[in-house]
Amino acid sequence: MAVEIERKFLVAGETWRAQASRRLRMVQAYLAGPLPGIAGAPRCSVRVRIAGERAWLNIKSLQVGITRQEFEYPIPPDDAEAMLALAGGRIEKVRHFVAIEGHVFEVDEFLGDNAGLVVAEIELDAEDRRHPAPDWLGREVSHLPRYYNVNLVDRPYTRWTPSERAGEDLP
């Protein structure tokens, strides 16, 4: 079984930009995802993503937390374009890769309806694995579903309240 252990953080400031080694524009959409309040709703999201010249189909469990099941398969970009046309809303972002102390942070700078949202993700091999904490790494939001890409389609960042954007409602 494929397992992803990923922690997600808000990003403070712009100093991370000087450390980014490369960037990649991405567009993705969800072919299946959460259906709030509906019995028997999906327990996973099904995503199609195009990143640069490559494309993937991704299935990810919907439980909240840093460890989830994830399956990802490369697909032809033409197929991905056709699948994107079948989906509802899209997420567009630029992913920046920042290597620090043998770890790679993926800093996602969202565009469109999610413009203004910048988060950093790091994949780990164990939940208790220590990782660097650069000065631009802000509050952890791994356990907050509103930051999951699948939820940003229906409730984008531009529709969040000012206190939600500032993270004032976070524990």
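Each Cβ is built from the backbone N, Cα and C atoms, and glycine gets one as well.
According to TrEMBL, the protein has these features:
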- 2-154: domain 'CYTH' (DOMAIN)
- Tyr30: active site, proton acceptor (ACT_SITE)
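Around Tyr30 (active site, proton acceptor), taking its Cβ as the centre, 24 other Cβ atoms fall within 10 Å, counting all chains. If you take every residue in the domain 'CYTH' (2-154) and average the pLDDT, you get 91.
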